[in-house]
Amino acid sequence: MFEVIYLKLLKRDLALEDFVIGHPKYQESKRIAIFLSMPDEIQTEEIIKDVFKQGKECFIPRYKPHSNHMDMLKLSSAEDISSLTLTSWNILQPSDDDSEREEALAGGGLDLIFMPGLGFDKKGNRLGRGKGYYDTYLERCMKHPSGKPYTIALAFREQICESVPVAENDVQVDEILYEHC
């Protein structure tokens with residue numbers, strides 16, 4: 001069942017991160033993948049800090065250029081982010097030669113993936129940046145013994161549209177959380 005949760009924030013100190021941290025799917029998840037925010041995306045820093053505070057395992061994307069391949073690699077701490085490499089897309093990620101980190105699908109899989117996007121519709125369709133990284137990764141997850149993780153897109157109200165273009169291989173998100181001030 002797909003859900004769009006509209007959060008009308010009545011107090012300025014209540015942010016989307018606070019709702020995420022209290023979300024039942026987040027609370028029950030042990031292995032969580034989350035994107036490292038670009039400036040035009042919902043900021044995920046506080047969520048990542050909470051993942052470690054609660055003793056959960058945190059995985060972040062490593063995109064392979066000139067392909068649609070992405071791995072989710074384990075972070076050892078929130079401070080570990082400062083050791084990551086800045087890509088030509090201005091995204092922090094583990095370097096290509098970093099073979100020390102666990103890849104989520106090489107281990108126990110994932111329980112939850114937080115996903116970015118440029119636009120979303122109320123049917124759970126997501127418009128990414130056009131390379132199909134998350135769709136391809138979710139297809140790989142479906143073949144893992146632990147199965148497809150629950151997916152939550154984090155968005156701004158302005159990113160919710162009547163419809164977004166979809167292709168045959170696009171995988172819908174399970175839920176969209178968006179902030180409205």
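Heads up, the Cβ atoms here are built off N, Cα and C, so glycines get one too.
Here's what TrEMBL has on this protein:
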BINDING   Leu36, Glu41  substrate binding site
BINDING   Arg126, Leu127, Gly128, Arg129, Gly130, Lys131, Gly132, Tyr133, Tyr134  ATP binding site
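Cα-Cα distance from Glu41 (substrate binding site) to Gly128 (ATP binding site): 12 Å (rounded to the nearest whole number). Considering only the binding-site residues Arg126, Gly128, Gly130, Gly132, Leu36 (substrate binding site) has Gly128 as its nearest partner by CA-CA distance. The number of other Cβ atoms within 10 Å of the Cβ belonging to Gly132 (ATP binding site), over all protein chains shown, comes to 18. Gly130 (ATP binding site) has a Cβ environment of 8 other Cβ atoms inside 10 Å. Residues Gly117, Asp135 surround the recorded ATP site, their Cβ atoms falling within 8 Å of the Cβ centroid of Arg126, Leu127, Gly128, Arg129, Gly130, Lys131, Gly132, Tyr133, Tyr134, which are themselves excluded.
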